[in-house]
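Shown next, in structure tokens, is the structure this report addresses.
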Amino acid sequence: MEVLQLLVSGLANGCVYGLIALGFVLIYKATEAVNFAQGDFMMLGAFVTLGLTNAEHMNLPFWVAAPLAILVMAVLGYLLDFFVLRRLFGQSQTAVVILTIALGFVIRFVAGVIWGHEPQTLESPLSIGDINIGGVVLGMADVAVIVVTVLLTLFLYQFFQRTKLGLAMQAASQNQMAAYYMGIPVKRVQGLIWGLSGATAAIAGILFASKGAIDPNAGLLGIKAFAAAVIGGFGSLPGALVGGLIVGVIEPFASRYFAAGYSQIAPYVLLLLVLVFRPNGLFSQVRVKKV
Amino acid sequence: MRILFKTSYNDDIRLFPDRWTLAVYAALLALAVLLPMLLDEFYIGEVTNVLIWAVAGLGLMLLTGQTGQVSLGHAAFLAIGCYTNTILIEAGLPFIVAFPLAGVITGIVGGIIAIPALRLHGIYLAIATIALSILADDIIVLLDPWTGGVSGKFPAVITIFGLEIERWTMPVRFYYLVLVVTMICTLFYRNLLRAPLGRAFAAVRDSEVSATAMGVHIARTKVKAFGLSCMITGWAGTLMGYYAGAFNNETFSLVISITLLMMIVIGGLGSIHGAFFGAVVVAFLPQALSIAKGAMIGGSVAIPGLETGVFGLILILFILFEPMGLYGRWLKIRTWFELFPFARKDMFRRQKSYLKTERLR
């Protein structure tokens, strides 16, 4: 029973990592760049929702505030691409990596100035009550996280496989020049994907905030989500979810069965092992081109 | 306008292209040596800090600027250098042996770590090195018997041939020690660039395919780059430990790694000057900020995250508007004056490249 309880709480945590990892993968899939500020996006999404919902701020009903926050973050993501990242078009990935790290610092600073550094809780209807299934206690928020994550992953997966826009996004990342020749507006497509990842980050933020308190440093969770994305194989949406679940499940088990110093390094050791033995992740997307 | 007329390869790789450059650098060295007579001890300490950051920057520059491998884990190597030096001195070795040895050991460790990391490139290498930086913190705690764990360690006193050097009581002596190390590292770096190995580094950075075609062994070159980079970083780490006066598992955190990378980008990737310019920015930004804050809203108000926020903003502006960093800006200004009135805006325009996926190779 104890194992089952650890497993379930690990899965719920893992879904949050998976949600942030989805944001990484979206951007990587469509622009071949890695957004190191994704965790901070999530934090910002959570704070925007908090600012709209909580009684001391705007005091809107949650079900109005949540879609509004998702919209705000989507617009923010699009504008960020429009004003900042589009200028880097055609430059090396390293520049994008460093730029997004810097962006994360700035977002953290701005959030700290606006909402302060004290941990705050979102007044979310999701965070009330527990469910008891045969002795395993599961918070409503955890259930919501798991359900939403699975649905979102399925939706995004279908979006990339089936829709014209999703295919255009994949094409734009595989070969920009060829995509241009095929009439794909590469720059606008990139803007849209940043908007989409902003919306994903907002959803992750709302769910994360429903599970507990948030503060401006919550974005550092992004590093674990990062490990999740790599373990799953960057560029694979189901891989991101599976990677998130693996990291999420390993954590409670490691802290239960390993000594104190060893438990927290478990996700990173796994990350390094995956990188050494399967550098392209468990769900590898790398195909060697035959000449 | 000066014209350099080169008649042989030796002319091309000379340490100083002409007498004027030699004179400039000699004057700079003279100024550095005479500095303690011009400034008081507080400012000497600040200049020492700049030099230490510059050495660390040189270490990362060799890897990122010269060989094109991004590392977000160099704080781990700073830590290895620092702890190794202290442990060696505590084991009874004199500083003059322990200090170089600490760098060499760090270099060897770096080279060994690089071997699996070499299968990765681009983004994946950056991620692996992030994991390394996070792990370093926890490993230092786990190795408590050697490293002192959370409570940390104090660096052992430096004694060179009976001459004691201590950072707080004798900042001038410590300054000269750091100056000598900086000189050695800079000359080493400069000479490396003239040697075949340095050329191989640049070839790997610019195009791995053409480097292979020219007979450069990619993996071996990258391991050497990692090793040499970590060696210099290890020395910088040792000096940082002495400068701080005490260190524990949190001294060399991921933030230091990121600061280091941002520093060389602001300074200008791929140039020795860049490491020094970037070090000046990193070392003086906190002071400049606190002065500006004091003038605007009163010094007593604490704004957490202000430093990193402003630092991030500066970095974003640099990447957008001056990707070649401070040194690139200086080059442009200098060229404009040298060629007056013939300088054109497009002279430094970078060629645009269209991205192709790494997943299909």
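Note: Cβ is positioned from N, Cα and C throughout, glycine not excepted.
Database features (TrEMBL):
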TRANSMEM  A:6-28  transmembrane segment
TRANSMEM  A:35-54  transmembrane segment
TRANSMEM  A:60-84  transmembrane segment
TRANSMEM  A:96-116  transmembrane segment
TRANSMEM  A:136-160  transmembrane segment
TRANSMEM  A:192-214  transmembrane segment
TRANSMEM  A:226-250  transmembrane segment
TRANSMEM  A:257-277  transmembrane segment
Same-chain residues at least 6 beyond the ends of the transmembrane segment (A:6-28) whose Cβ lies under 8 Å from its Cβ atoms:
34-35, 38-39, 41-42, 136, 138-139, 141-142, 145-146, 148-150, 152-153, 156, 173, 193-194, 196-197, 200-201, 203-204, 207-208, 211, 221-222, 224-226, 228-229, 232, 234-237, 239-253, 256
Under 8 angstroms, Cβ to Cβ: which one of A:35-54, A:136-160, A:192-214, A:226-250, A:257-277 has the largest number of such pairs with the transmembrane segment (A:60-84)?
A:192-214
For the transmembrane segment (A:226-250), could you work out the same-chain residues 6 or more beyond its ends whose Cβ comes under 8 Å from its Cβ atoms?
6-7, 10-22, 24-26, 28-29, 34, 36, 39, 149-150, 153, 156-157, 160, 266-268, 270-271, 274-275, 280-285
Any chance the transmembrane segment (A:35-54) and the transmembrane segment (A:257-277) are in contact, meaning at least three CB pairs closer than 8 A with a sequence separation of 6+?
no
